[in-house]
Amino acid sequence: MWVTNTVLLYRPNSMNRLTFSYPTRLAHSRKASSFSRFFRSSKRKKRVTTLSTKKPDDDHEISPVPPEKFSADLGWLSAFPHVSVASMANFLFGYHIGVMNGPIVSIARELGFEGNSILEGLVVSIFIAGAFIGSIVAGPLVDKFGYRRTFQIFTIPLILGALVSAQAHSLDEILCGRFLVGLGIGVNTVLVPIYISEVAPTKYRGSLGTLCQIGTCLGIIFSLLLGIPAEDDPHWWRTMLYVASMPGFLLALGMQFAVESPRWLCKVGRLDDAKVVIRNIWGGSEVEKAVEDFQSVMKNSGSNLNSRWLELLDKPHSRVAFIGGSLFVLQQFAGINGVLYFSSLTFQNVGITSGAQASLYVGVTNFAGALCASYLIDKQGRKKLLIGSYLGMAVSMFLIVYAVGFPLDEDLSQSLSILGTLMYIFSFAIGAGPVTGLIIPELSSNRTRGKIMGFSFSVHWVSNFLVGLFFLDLVEKYGVGTVYASFGSVSLLAAAFSHLFTVETKGRSLEEIELSLNSRDDLS
């Protein structure tokens with residue numbers, strides 16, 4: 001899910017270092033559910049029934065086939081527009097990853113720091129500083145304001161940051177803009193997986209959760225396609241950054257019509273609003289049971305919204321925080337950003353000299369893997385996908401090590417390197433990317449979910465920065481083969497960790513998972 005190359009810079013021939021008005025509570029719940037009513041009515045129309053028939057000379061009736069056999073499973077459709085709006089934040093995340101891939105050279109030339117690799121790296125990496133701060137403050141803010149309002153508040157730095165960057169005429173201005181964008185991304189990337197896990201019906205929570213990864217992939221691909229004219233127009237980067245403000249407006253507007261999390265509504269005592277959301281998203285038959293489960297969890301853990309950071313040191317929260325932080329450390333140290341960076345040089349060796357074209361191949365592979373994950377995650381489960389993903393990444397790394405470290409025909413070596421790179425990206429996208437961000441809120445308690453996700457993502461950003469900081473030094477000192485072998489070894493370690501410490505959450509409601517953790521500190 002979370003792929004970014006925020007420190008390393010690629011050049012073809014070298015490596016270098018709003019304000020919104022809010023309707024009344026119940027009125028909003030009814031208005032926001034208009035999406036859901038439309039899609040639920042469409043779902044009913046899709047049902048196909050069959051009639052029993054009997055020929056005059058038949059001795060036996062042909063039994064009618066139950067309608068369910070032919071019914072399309074569209075139970076996810078009511079929640080889809082709401083979680084799609086939230087996933088616009090991931091589209092922005094992906095867009096801002098890709099938007100600096102090529103134009104950084106033109107930006108440096110126009111703003112007067114061309115050739116200074118430290119300043120070029122700072123323009124790219126200050127994004128991480130903002131994202132780190134955003135991830136820390138996201139949890140307390142969502143506890144206080146709810147998901148919809150927090151989303152909308154933090155579209156402000158996303159929009160302002162893009163506009164400030166687009167109009168920048170000095171290094172300070174571009175740094176300010178990039179920091180603001182990072183701040184907004186840091187908050188929203190924490191909110192999206194939590195929002196989806198709390199709004200989506202249990203049966204479809206995994207498939208809808210992969211929209212985070214899909215949104216990121218689409219954002220990267222769109223930014224790469226939009227960046228093609230930048231090769232001929234040195235000022236095109238301003239247009240690209242102006243365009244970056246538009247999804248922020250769409251996110252803010254869309255959240256005005258999206259539903260609030262029913263679990264958050266219950267926490268703050270808005271039971272009537274929560275029932276309206278559940279009825280329209282999950283179905284009328286789920287209302288009483290869902291509210292009963294919510295209240296049961298609150299009775300066990302307390303309904304006080306102001307959970308403290310120190311609570312993450314107590315069981316079972318400490319175990320979930322440990323799993324969340326460890327999964328993100330392993331994800332980043334398995335080398336996703338290093339592989340993405342070096343993939344441009346790998347493609348260049350086989351004649352694909354355009355960095356944008358090489359990145360597009362990688363982006364499409366990433367997108368294909370995310371689509372496969374959306375199909376498999378609620379069938380095979382989170383744990384199997386996570387383990388299989390890391391095993392696939394390990395095999396891919398060792399294949400590249402073999403290709404670059406052993407005396408092979410040059411064409412064969414290059415072909416194996418390309419194959420290994422694409423296999424690695426696909427394997428990442430099918431498990432390590434989407435599952436990591438999804439399983440952490442699923443395991444977290446309702447009381448501490450925001451803070452655990454904030455902690456986990458802050459670890460993600462620190463790990464991301466460290467990998468980006470040292471990757472090129474390690475490659476220059478030890479060679480690509482050694483570094484990639486270490487990535488493969490970390491991938492094997494991540495597969496073992498996933499087997500030993502993660503638990504399967506497929507098909508379980510968040511309340512069932514939380515009660516199991518509270519009662520046994522484990523899930524069998």
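In case you wondered, yes, glycine gets a Cβ from its N, Cα and C as well.
The following features are taken from Swiss-Prot:
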- 88-108: transmembrane segment (TRANSMEM)
- 122-142: transmembrane segment (TRANSMEM)
- 151-171: transmembrane segment (TRANSMEM)
- 179-199: transmembrane segment (TRANSMEM)
- 208-228: transmembrane segment (TRANSMEM)
- 239-259: transmembrane segment (TRANSMEM)
- 320-340: transmembrane segment (TRANSMEM)
- 357-377: transmembrane segment (TRANSMEM)
- 386-406: transmembrane segment (TRANSMEM)
- 420-440: transmembrane segment (TRANSMEM)
- 452-472: transmembrane segment (TRANSMEM)
- 483-503: transmembrane segment (TRANSMEM)
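Here the transmembrane segment (122-142) lies next to the transmembrane segment (452-472) in space: the count of CB pairs under 8 Å, restricted to residues six or more apart, reaches at least 3. Remark: the transmembrane segment (483-503) makes no contact with the transmembrane segment (208-228), by the rule of 3 or more CB pairs under 8 A. Taking every recorded stretch in 239-259, 320-340, 357-377, 452-472 and counting its Cβ pairs under 8 Å to the transmembrane segment (179-199), the highest total belongs to 452-472. Counting same-chain residues at least six beyond the ends of the transmembrane segment (320-340), those with a Cβ under 8 angstroms from any Cβ of the stretch are 2-6, 8, 312, 362, 390, 393, 397, 421, 424-425, 428, 432-433, 436, 439-440, 443-445, 448, 452-453, 455-457, 459-460, 463-464, 466-468, 471, 475, 483-484, 486-487, 490-491, 493-494, 497-498, 501-502, 517. When the stretches 208-228, 239-259, 386-406 are ranked by Cβ pairs under 8 Å to the transmembrane segment (357-377), first place goes to 208-228.
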